[in-house]
Amino acid sequence: MGTGITSVLTSTFRLDERGLHMGIQNIQSKEWTVHDQMNAKKQRQKKLRRLEKLIPVFLFLCAIISILTTLGILYTLISSAIGFFGEVSFSEFFLNTEWKPWSGSFGVSPLITGTLLITGIAIIVAIPLGLATAIFLSEYASDRTRRIVKPVIEILAGIPTVVYGFFALTFVTPLIQHVIPDLKIFNALSGGIVVGIMIIPTIASLSEDAMSAVPGNIREGAYAVGATRFEVAMKVVVPAALSGIIASFVLGISRAIGETMIVTIAAGQSPTLTLDPTQSIQTLTSFIVQGTSGDTAYGSTIYYSVYAVGITLFVFTLAMNFLSQYISRRFREEY
Amino acid sequence: MPLRNQDDMYKRRKRRTAKNNIFRTLFFTATTVGLIVLAMLIYRVLSQGTGSLSWDFIRNFAAPYPDEAGLLAGIVGSLYLMGIVAIFSIVVGVSTAIYLEEYAKKGKLTTFIQMNIQNLAGVPSVVFGLLGLTFFVYVLDFGYSLLTGGLTMSLLVLPIIVVSSQEALRSVPSELKEASAAMGASKWQTIFRVVLPAALPGMITGSILALSRAIGETAPLLVVGAATAIYSLPDSVVDSYTVMPIQIYSWISKPGDEWPLLAAAGIIILLIFLLIMNTIAVLIRNKFQRRY
């Protein structure tokens, strides 16, 4: 131990001695090397920083992909629809009441009524059930019940639509046939009902979010003047959360319009201008599937007609989405 | 002298509480409808499908006879497809989210990108199929291949990944970032070593949920030409392919009493995949969820 200390001391001494004898210039040059080292490090860092400047560029390019997707959709639909309207007139498309593309009738109205029929039935099922579920979960259920039930309801939203289609065709249709014996095997009714079931979680979950966001003191104020739970729900919470609730309805409707597999499987492939839910119909979406699968030739009128139907569908859902965003932004109550 | 008749008030209150009770029952019933339908759906699928489940069902290709047909091509195709979707959509989606949350200046372009993503999330999936049909099948000439399906599906689930990643990034407290910056870390160092690790569980959860959406989607793949019956596994990304939902769909639409049973068996396998993925997502969320 003694030797250790001595050696340290000597080495310090030596260093001091060396430093003393080295003269000022040497010390300066030593400082230079340190400086050089720092410079080199700075250079390296500069290089890294310059590389880092490229990162936001890459990230930005990725962000642009979403815009390109939208532009791509618009370009695809519009350019092919123009090709279609070069062969089939606007008036034929909108005014003719027959959709028989394989024999040259391109009147889109049966597909639109088919879509509206499905959407209408879905709304009748989903809005009362969805809203009631939301009110129950937000106003009546205990915290624990809500934490268990809400995710289970949301499972309904995660089930693949082909599974719903199977359910509609092999279970709901035979069930309804007990009540309405002359129901067709492929019919709008069971398709619409199952589409409605599919959008229940959209409506229930979003409405529940909107209602939970209504501050508790408003609720408590109403309870304090003697309101029942039902009165609080209907006269205080629902009006306060109305923008969110309506936005959830519109979003649900938009999903019902765009739903494809359930209606393709359960509602049939026969475009009929009817509002009779027991009939077999075809929607905009299920024609797109029918028109693209199989042996439709690229560039034929039928091929283009798929895009004309696609743009009709796109306009419908886009309008619904904008409406939903507008409602939730414009009529939002701030507390 | 009382201003109101006591009896009247009593009756009114009784009516009001009775109304409350009736509606509570109604609301409760409505809630159970959703749960009952879910239970019936699962029961129905299980009761119809378990009979056709066997190792051969998983090992066999499609076949003209129900008792020989299997889901192998669909299972493998779905897994390949998910691989492509995962690579493409997670890279692009997470990058977009980082850009929007950490780099983008508040302005018209950022608002536009943000709104655009919201709108894309509302576009029907079959329209994405049309986009894929034009661009990937014909313009880029990928044909009816696995790559076409994967890219189409990636664009479809991109908004889900972007939005969930944004939420995960937003939940990282700014103190963490500031501390890192105060230690001399550059912006990217902060993002890569502090923000991303903290946001990772949320991002993984969102990505798994997006993938589980992709594995169940049928319509866009029908449009971009996934095959309904295929007798060999895809060798490369430009090979033709099929996925589980497409095989199920083709079995549902076949005439005969036995095909629906086979479809139900396929649905069971599909639901098992979804169950596994969602369980993983929930487990990750619960295990790593940190509240700051």
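A Cβ is built for glycine as well, from the same backbone N, Cα and C atoms used for every other residue.
Quick look at what TrEMBL annotates:
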DOMAIN    A:112-324  domain 'ABC transmembrane type-1'
TRANSMEM  A:54-86  transmembrane segment
TRANSMEM  A:106-131  transmembrane segment
TRANSMEM  A:152-173  transmembrane segment
TRANSMEM  A:185-206  transmembrane segment
TRANSMEM  A:236-257  transmembrane segment
TRANSMEM  A:302-323  transmembrane segment
Problem set entry | For the transmembrane segment (A:185-206): best-contacting stretch of A:54-86, A:106-131, A:152-173, A:236-257, A:302-323, by Cβ pairs under 8 Å | A:106-131
For this session: State the non-local partners of the transmembrane segment (A:152-173) in its own chain: residues 6+ outside its ends, Cβ under 8 Å from one of its Cβ atoms.
Result: 133, 183, 185-187, 190-191, 193-195, 197-198, 200-202, 204-205, 259-262, 264-266
Exercise. Do any residues of this chain, six or more beyond the ends of the transmembrane segment (A:106-131), have a C-beta under 8 angstroms from a C-beta of it, and if so which?
Worked result: 88, 92-99, 188-189, 191-193, 195-204, 207, 245, 248-249, 252-253, 256-257, 259, 263, 267, 271-275, 277, 281-285, 287, 301, 305, 308-309, 312-313, 316
